[in-house]
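Annotated features, as they stand in Swiss-Prot:
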BINDING   41, 160, 164, 167, 182  L-tyrosine binding site
MOTIF     46-54  motif ''HIGH' region'
MOTIF     217-221  motif ''KMSKS' region'
BINDING   220  ATP binding site
């Protein structure tokens, strides 16, 4: 466990940083005042490549750990199986690789495979109870963002959200963390778990990083990612070719990485004929400079240099 590095309002501010929303901030503030163990969890379907999108989630778990939370990482092997990600053996092997990557990022956590408890009798009965308490339309809506690419969804896509809600109960979770694509499932858990005699979880939703091609989210299946174990040449080449439209911020993956990963202030070194050297004290200044005409290649070079510095130690530990 990390020693506390923040306290009081600073602790809440650290947890809020770089999140899309917390439901609710008032509940989080009250939880931070309480004594005793507090549990925060996030679930990951084992994935072939751990990338910056995953790392953004892990950074938030580290923030929570520094605030005194016990961290549980659910390696959701049964969820991945229901989502047609491979055989259980293949998924478990990926889970072990993912665990090593998360540990290499500096996260100290309890790692739990879903199959370790999701096949138990009590868990199964609770899934049935949730099925009785949830309308079919409500369950389908909760999976819309997660399964939107599936043209012919299976019945499993309705079971999936019920299991995820049940995970929160059976892992004794106080705070559920995920990307914005998890919001509908988390809201379902807040709505339905109190009716089963369990507390409503506080929910932290993090941004979804745009893929390097500018089309949809950063994803292992699409290959539009920077993996945490990419080498220096690969990182430079990927950023060189990344979608980064001049003066446009919205949906710009390079600017998103600059927002969530760069350590400010930053220096951009340029010849005098191109405006000379530039010092940017925060992301807001970088965004303003970009809108005013800072060249995409200057930003790409800056982001590549800092990402290499951040990811090199992680890559070395993963080897």
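Each residue, glycine too, has its Cβ placed from N, Cα and C.
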Next on the checklist: Suppose we draw a 10 Å sphere around the Cβ of residue 220 (ATP binding site). How many other Cβ atoms does it contain, all chains included?
Outcome noted: 18
Item to check | Same-chain residues near the motif ''HIGH' region' (46-54), Cβ under 8 Å, at least 6 residues beyond its ends | outcome: 75-77, 80, 85, 91-92, 94-95, 97-98, 101-102, 179, 208-209, 217-220, 225-229, 257, 261
Checklist entry - In terms of DSSP three-state secondary structure, what is the assignment for residue 41 (L-tyrosine binding site)? => result strand
Item to check | Site extent for L-tyrosine (largest Cα pair distance over 41, 160, 164, 167, 182, Å) | outcome: 17
Checklist outcome for this item: Cβ atoms other than its own within 10 Å of the Cβ of residue 182 (L-tyrosine binding site), all chains, total 24
Item to check | Listed in sequence order, residues with CB under 8 A of residue 164 (L-tyrosine binding site) and six or more positions away | outcome: 43, 79, 182, 185, 189
Checklist entry - Non-local Cβ contacts of residue 41 (L-tyrosine binding site) (under 8 Å, 6 or more apart, same chain)? => result 71, 72, 73, 74, 167, 168, 171, 173, 175, 176, 177
Item to check | Mapped DSSP class for residue 160 (L-tyrosine binding site), helix or strand or coil | outcome: helix
Next on the checklist: Around the C-beta of residue 160 (L-tyrosine binding site), how many further C-beta atoms are within 10 angstroms, looking at every protein chain?
Outcome noted: 23
Item to check | Separation of alpha carbons, residue 160 (L-tyrosine binding site) and the residue listed as 'ATP binding site' (Å) | outcome: 20
Item to check | Confidence summary for the motif ''KMSKS' region' (217-221), mean pLDDT rounded | outcome: 89
